[in-house]
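Record features (TrEMBL):
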- 7-28: transmembrane segment (TRANSMEM)
- 40-64: transmembrane segment (TRANSMEM)
- 84-105: transmembrane segment (TRANSMEM)
- 125-155: transmembrane segment (TRANSMEM)
- 167-196: transmembrane segment (TRANSMEM)
- 216-237: transmembrane segment (TRANSMEM)
- 249-270: transmembrane segment (TRANSMEM)
- 276-294: transmembrane segment (TRANSMEM)
- 301-322: transmembrane segment (TRANSMEM)
- 342-365: transmembrane segment (TRANSMEM)
- 372-390: transmembrane segment (TRANSMEM)
- 410-431: transmembrane segment (TRANSMEM)
Amino acid sequence: MSDRETWTSRVGFILAAVGSAVGLGNIWSFPFQTASNGGAAFLVVYLCAVFLLGFPVMLGEFVIGRRSERNAVEAFRSLGFGEWSVVGGLAVVSSFVTLAFYSVVGGWVLSYIVGSVTGGYLGDAGAYFGAVSAGPIAVGAHAAFMALTIGIVALGVTDGIERATKLMVPAIFVLMGGLAVWVSTFEGAAAGYAYYLSPDVGVIADNIAGIVPPAVGQAFFTLSLGFGVMIAYSSYLGRDDSLPADGSAIVVVNTLVALIAGFVVFPVLFAIEGSVPDSGGAGTAFTALAGAFSQIPGGQLIGLGFFVVLLFAALSSSISLLEVPTAFVADRTGYDRTATAVGLGAFVALAGVPTALDTGILGWYNDIVFELLLPLAVLSLSLFVGWVADDQLAVELNLGSSFGSGFSTVWLWWIRIVIPVAIGGTLLLGIQSLLVKAGILAAPIVLG
Ligand code: PHE
């Protein structure tokens, strides 16, 4: 495939991957999941999951992508294991379902940018959320967000994705860093830091089943793993790049953004509300923060900065979600990329409409991704890399890497044993939780 695009530079690849990883997951859901799952206790489990489970799986996606130079589905066939293409197919389905509701939340962010300019949410934060989160406004904003996503993907890998992320990722850092410094001057900020940063081991021990699966799910989601994104992005990569070094950079930067988001959110919540909201529901982040912004001097400006960051983060992730099916269809059929991105994007936008009409349906899309599709995809990916693919993948990991072959040996065994056990357990708990929510199981059987 000589006409296939490649990243113009290593930094371009890292920024695009960081752009995919840094998203609503880091800034919107991470601080609020942390808040409602015991604060620092959740943080500790989450960090372990990111480094011990997420990082090795990311390298797994990288070797598949770079070795095959194909999109997530065709990669398996090109490596000689056509029957495993179904794993790539699962990844494509997961990106579709995720993008369908992710873009609805992206639309909420657009409405909150408007609200920061007009002051719309200043009076009654709850009412504003009610008005923009479900119904015609939500559908319109969702369509607008999808149009932005489609526009960038249609421009292509280097002109669209690489250029957009080169602008957005540094902007996210500067704006978030500035906000974190500003809110540190608030009275009451210290109580926020204390809740965020002092782990209570008792909390973890008491509620393993409640903390571990969401922390593991969040770790994979935030690193964009299990969706074929990292397979697709690394397929545009050269052989002289060090995958472990690039992977470490991506994981560290992504984690930093989530941590900084906590340094913005916790001081704001404690300074204004005096505590954290106890439910981490979809709307909490928006209502709690908008409520807080409306009481801070200059809050409208902080709000604007915050929601603009959130928009950049969401867009640089949604483009990666659309890139997966676009790369698949365009590689496979030879159709023009622009037409493919528009056609598929329109289809995803339609699939998202129900979630823009009803936040309950949005919750279901979210749960199906987190509790079923994502762990299933990661489990099958790691079984493939560890047990099915031959040595070519471990060899691929060493190309361009200065980490040594000892590293790839440990990595391979880690993928063979530790990851499947950890993800298999998470998947079982996830399925159980879905069955309980659907009313098929009356109560949890394991670790209830
Ligand atoms: N990692 C993104 C986030 O944290 C979401 C995402 C998941 C993007 C999977 C692409 C693929 O918001």
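A Cβ is built for glycine as well, from the same backbone N, Cα and C atoms used for every other residue.
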Residue numbers, six or more beyond the limits of the transmembrane segment (342-365), whose CB comes under 8 Å of its CB atoms: 96-101, 103-105, 107, 133-135, 138-139, 141-143, 146, 149-150, 153-154, 282-283, 322, 325-326, 329
Cβ-based contact of the transmembrane segment (125-155) with the transmembrane segment (301-322), 3 or more pairs under 8 Å: yes
Segment-segment contact (the transmembrane segment (167-196); the transmembrane segment (372-390)) at 3 or more Cβ pairs under 8 Å: no
Cβ pairs under 8 Å between the transmembrane segment (372-390) and the transmembrane segment (84-105), at least three: yes
